């Protein structure tokens, strides 16, 4: 099968937004207009094309990023629908990694919301160009220019309208295009018929003002145009478009559009903007990686004649075809039935079938080309973030880093039959989601699952029940505490057993000191003159790493600690790797009395949006939860309280906030950093953990 769309006619985009800004509805409309679905599915009726897991349809939120392909004006647009809820930010990061551009959807009433900020920051980190779609222009309180101002105030983004709405709320009738200077009115309910007309008289002045602002902003992106502009010459439409495109692709400029996906207005113009202003795979820098086993840099340029290289960005279990691995091809082509190398794991994989996904049906294809997104069936060892490449030209593309889980709870199967199924099901879920971890507590024998927040784990337990038919009892959520030290000290660890026969002898002196926050464990070998032979030094490090997992105070992992091995002794016959491993762990135990160990707890960054009248009550509640209020700001007719609160105090907060604000308050929270636990509380935790 020959290539259908050239590289410059391909767009890989994501739709990103705050929860409920209308992201899935927007994606739906894109699929409708590009002829991929015949009937529009409404999210609030629970039947949308993109939200295909049962829970997504029930909760009306998007959890997994389904990847779909659509066609518009002889271009292919691959769309990844990303979740807007903070517990799923990893899904967002994962999809941003393989995109070339994104559409940020805002709610016209609220503008930039807390989760928009998080996702925007992630997109900036990965250098993803964006156009902004101000959605829900038909909603009461919709205000386009206010939404644009929030882009400047809250994100410091160089964003400029390239459209203006005609009317708002119930009177939202059409859209003015500030590049072509024409107006579009919508003739029928489905918005498929639009006609370009002259701008109505009452809007001409405003349109001219914003057209000039746009021209000035675009001229600043290009020196030649700036000269022309300063000399008072008119810029042509093509020059204006080219400048906006250049600025957008360089992540220096963000065009802002408006519309109402629900009312079918503005979506086709947004698709035009995706083609006009967002980059094709040829416009973004070639992806860099390195050759396995060496740190030599390798670059993979987009092109079908290049060696094959792709990144797996999502693994899911499908009830019909089994394990599906979604991947983005950066260079070269791949045929179904061929072999590739998973260079991350150094395994050979056979690609069984290749599917191009369309939200809920799939099309089998024989070849996938450079720049495309597809899903493979039959990969056994590949997980999220792995590189797939040509067996003769090996490369490892930069992979993704995922945060550690901050909350965990125990799950117990209700029956013996459930027990066997549960193990398999949890392993599958952990394979799909790198921020979900599962392990067995050796002391209690319980299965512990860990994730990024309460909603995250709720949904996992829900999936166990629905997809895998596993009934389980769920324990109360527990916080993942950490430990660290506050003082440096030199400590000895000596393990000697010499009572006839082969003995054991290991002896080390280690200096433990606090490391910078977030730096983790650092081991320094400071041995001179071979007082501890070279072959035993890895064992000292391994012994420390193991012992750090078991903690000093309450059995929680020790972080941000530096250990310098500077002295010790050995015995020609009795020393062994094992003996030095034990000696190192004994040194860490002895550090407890000298290094002032402390307990750390995860601090969450919390933003609560509440009507003014509940403000005092909500702030009092935050303080009673050991929270620190960092600031407040008015947002529309509501107040936003920003605070840091320990995760341990945030369980059940959703219910408490609902009852305090009669359901009108909303909040978002995500993990920010670790902080020392107050002494009285840490003593209780230590007591509880040592079983007193």
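Each Cβ is built from the backbone N, Cα and C atoms, and glycine gets one as well.
So that you can see what the record holds, here are the features copied from Swiss-Prot:
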- 17-24, 81-85, 135-138: GTP binding site (BINDING)
- 8-282: domain 'tr-type G' (DOMAIN)
Chain-internal residues near residue 137 (GTP binding site), provided their CB is under 8 angstroms and they sit 6+ positions away: 108, 144, 165, 168, 169, 172, 258, 259, 260, 265, 266
Averaged pLDDT, computed only over the residues in the domain 'tr-type G' (8-282): 76
Coarse DSSP state, helix versus strand versus coil, of residue 137 (GTP binding site): coil
